[in-house]
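Listed in Swiss-Prot for this protein:
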| type | residues | note |
| --- | --- | --- |
| TOPO_DOM | 1-13 | topological domain 'Cytoplasmic' |
| TRANSMEM | 14-30 | transmembrane segment |
| TOPO_DOM | 31-48 | topological domain 'Periplasmic' |
| DISULFID | Cys40-Cys43 | disulfide bond |
| TRANSMEM | 49-64 | transmembrane segment |
| TOPO_DOM | 65-71 | topological domain 'Cytoplasmic' |
| TRANSMEM | 72-89 | transmembrane segment |
| TOPO_DOM | 90-145 | topological domain 'Periplasmic' |
| DISULFID | Cys105-Cys131 | disulfide bond |
| TRANSMEM | 146-164 | transmembrane segment |
| TOPO_DOM | 165-169 | topological domain 'Cytoplasmic' |
Amino acid sequence: MSALLKPLDNRLFWPAVAIGGLLILAFVLYLQHVRGFAPCSLCIFIRLDVLGLVLAGIVGSLAPRSRIAGGIAALGMLAASLGGIYHAWSLVAEEKLAAQGMGSCKMFMGFPEWIPLDTWLPQVFQPEGLCGEVVWTLLGQSMAVWSLALFVFCLLVLAAKLAFGRRTA
């Protein structure tokens, strides 16, 4: 059983969360800038949720033995996972509506004036595509479905860490 719990060790877990999130962000930026797939506004929100996972992983990695850092990281991962589930689920619904000839999507993000990410980094945070348009699939499933699966997986892994990984460090 201890071999199964080893990945939940704080020294491995939080860096893996951060690196995994960075790899996902690198992949979607590759799809956008190399393959030419324009992100929609919900895609941008999903990017922010993945960025939340990265930040949670960094916080947890900075002080792997600190209960405070671990608690903040766990709350960050929980918030990012729940936000990601909400946004990915919304995008799956948009894709289904678009397949029926309906759906709507806003082309502006509405970031607060004090942190206008779409102005500061438009190449990353500026929506340019339509939400219901499926431009990439893997095994017959859209990126929205895979994003939903990723965030559900993150939530389950966090639950396992909190339930079983208390003293694995």
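One-based numbering along the chain as shown.
Keep in mind that glycine also has a Cβ here, set from the backbone N, Cα and C atoms.
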*asked:* Using other CB atoms within 10 angstroms as the count, which residue among the disulfide-bonded residues Cys43, Cys131 scores least?
replied: Cys131
*Mean per-residue pLDDT computed across the topological domain 'Cytoplasmic' (65-71)*: 87
*Measuring Cα to Cα, tell me the gap between Cys105 (disulfide bond) and Cys40 (disulfide bond) in whole angstrom.*
8
*About how far apart, in whole Å, are the alpha carbons (Cα) of Cys43 (disulfide bond) and Cys131 (disulfide bond)?*
8
*asked:* Using Cβ atoms only, which residues of the same chain lie under 8 Å from Cys40 (disulfide bond) while being at least 6 residues apart in sequence?
replied: Leu91, Glu94, Cys105, Pro127, Glu128, Gly129, Leu130, Cys131, Glu133
*Just counting, how many other CB atoms are there within 10 A of the CB of Cys105 (disulfide bond)?*
18
*Per DSSP, what is the residue tally for the topological domain 'Periplasmic' (90-145) in helix, strand and coil?*
21 helix, 4 strand, 31 coil
*Which residue counts does DSSP yield for the topological domain 'Periplasmic' (31-48) in the helix, strand and coil classes, in that order?*
11 helix, 0 strand, 7 coil
*Go through the chain and flag residues at least 6 beyond the ends of the transmembrane segment (146-164) whose CB is under 8 A from any CB in it; none is fine as an answer.*
5, 8, 13, 17, 24, 46, 49, 53, 74, 77-78, 80-82, 84-85, 87-89, 91-92, 138
*Run through the topological domain 'Cytoplasmic' (65-71) and tell me, per DSSP, how many residues are helix, strand and coil.*
5 helix, 0 strand, 2 coil
